[in-house]
Every structure is written in structure tokens, then in C-alpha cells.
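Working notes, beginning with the structure itself.
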Amino acid sequence: MCEAEAVQAARIGTRRDLAVMFPGQGSQSKGMGRALFAAFPQQTRRASEVLGYSIERLCLEDPDKQLNDTVYTQPALYVVSALGFLRKRIDGDPAAEAEYALGHSLGEYNALQAAGVFDFETGLRLVAKRGEIMGRVRDGAMAAVLQIDAARVREFLDGEGLHGVDLANYNTPTQTVVSGRKDDIERALAALQRAGIAAIALKVGGAFHSRYMREAAEEFATFAHGLDYATPRRTVIANSDAVPYGVDDVAKRLAAQIATPVRWLDSVRYLIDRGVSEFVEINGTILGRMVAEIRSAPPR
């Protein structure tokens, strides 16, 4: 273990009013991680060795236009988020003392790594395999539907005969991501537009968190079950059911997550109900805006 990671392992805190959040796929951008790569050359170099290509060059230059390709996006985001949290730990940032951690889809791996369930390199190997497997599932797409709740989204899709489109991310009371075959998502977007309902196609390459990822989830499960996991040293909320991880279900839940919805709305509500008053996002603002919307929504 290098000196920086030793500091990371020693400083897990227990502020029960605080949760740290890690973003998922779709938050990537060229140039991300510049200061972090400079600050942590040893981890950057090791990540590149594990992956077989320069993670720094991919994130900062993206010369081959691969940053939005799932195979490359997932390791890139994992590394940048892991280094971002390491920076906060070393600096003594309050985020390092959070009792709770959660991540949106891919970000869940960073939450588990931040809780000491696995180390930086093991997490990177998991994410690289996840990206490789998910990247092979083509002809899929996703879109965010705004302004209406998930129940109305489902009702609308069924009314249009789009039974092959799944609800993939329950993000906020008025933001739900749908997932399915590319032609079905295109039909859904057109129908939503005709109905005056705002919807945005997402920059992902597959029908993630849907029935179409079941074979990918099964393949990933075989890989994930071959690794060892430690007891979480902070509470990590699982995307699949919005309750904490245990030590014995890490591989099972990570595999299931690939083909099941991200219950972000329920996860945030779970934490608010337990007294969490501050949510800190690593390297971004997307999740923070979701939390703000959830908090401002009318009482359930």
C-alpha cells in the first residue's frame, strides 16, 4: 500500500449527518482529472498499467474519441472519482468523515472503494470488466424523461405500446431514465415530444439497467464472485434496493445492478429519513442538483 492509500485507509470517519456521492456514466468530459493526475502520479501510473493504456491521455486528450465509449468511460470515471476522494481524505475535507456513501450506477464502485470494501486496483479491475462486458451489448439507448413522475412515465409508454422500454433510473420525483432498444427509445422520444413532455437522449451506448443487460449481468457475476470483499467501513447504499450493503452480498448486488433500475430517489430519501442533512458530491454537481430537487419536492 502506498503512503497516500495508507492515509486513505486510516481516516474513515463517522459523521452520521453527512453522505458522500459519486457520479456515474454520462458525467465524463474531456479534460477531467487534470489536477488529480498531477497530484497522484503513482496511482495514475498504476491505473494505466492495469488498463494497458494511458488513463491520463484518455481523459485529458481523448485522441481516439474513446471517452464516450463504455469500455473506456467506466474506468476513466472510476479513476477520476477515486483520486478525487483520495484528495479530500488527504486534505482533511469533511467529506472524508461521511458515515454514508452512495454512487449513481458506476459510482457505486467508488462508494464501495471509499468504504474499504476493496482497494483502488481491485475496484479498477471490476470496473474495467464491467465496461468490457456492458460495451459488447449494442443497439441500446437511454433517455431522461422530465416533468412527470415514474408512474406516469410507465403509463405513457404502455399507452404508446412501448412495452419493451424499461424504467432504468428513478432519479428524482420528476426525472426518470428509460432504457431499451435504440429504435424503441427513438419512438419513445418522438411520442414524448408530441405529447409536450420533455425528454433528453443520454450519451451512453447501451440499454443499461434494463432487461437487455441480463446476460451481461450473469457474465459479470462470474468474474465478481471470484474476488474477495471486506466488511464496509462506512454505510454504502445499494442502487438496486436503496438499503445498505452487507459483506456477503457485494458481488451479487454489483452484478444485479447492471440489469436492474437505479433507485436513486429512494436512496436519497433513505438517508434523509436517517438524519443526513449534507450531501457532498465528488467531482461534479449533477447528483447535488438531484438531491436539491428531492428535498424540495412536496411531502410524500
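Each Cβ is built from the backbone N, Cα and C atoms, and glycine gets one as well.
Annotation source TrEMBL lists domain 'Malonyl-CoA:ACP transacylase (MAT)' at 21-300.
A 10 Å cutoff on Cβ-Cβ distances gives SER105 (active site) a total of 24 other Cβ atoms nearby, all chains included. The feature active site is assigned by TrEMBL to SER105 (among others).
Residues or ranges marked as active site by TrEMBL: HIS209 (among others). Neighbour count (other Cβ atoms within 10 Å of the Cβ, all protein chains): 25 for HIS209 (active site). The secondary structure of HIS209 (active site), as reduced to three states from DSSP, is coil rather than helix or strand.
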Look up SER105 (active site) in the DSSP assignment and report helix, strand or coil. coil
SER105 (active site) sits from HIS209 (active site) (Cα to Cα, rounded, in Å) at a distance of 9
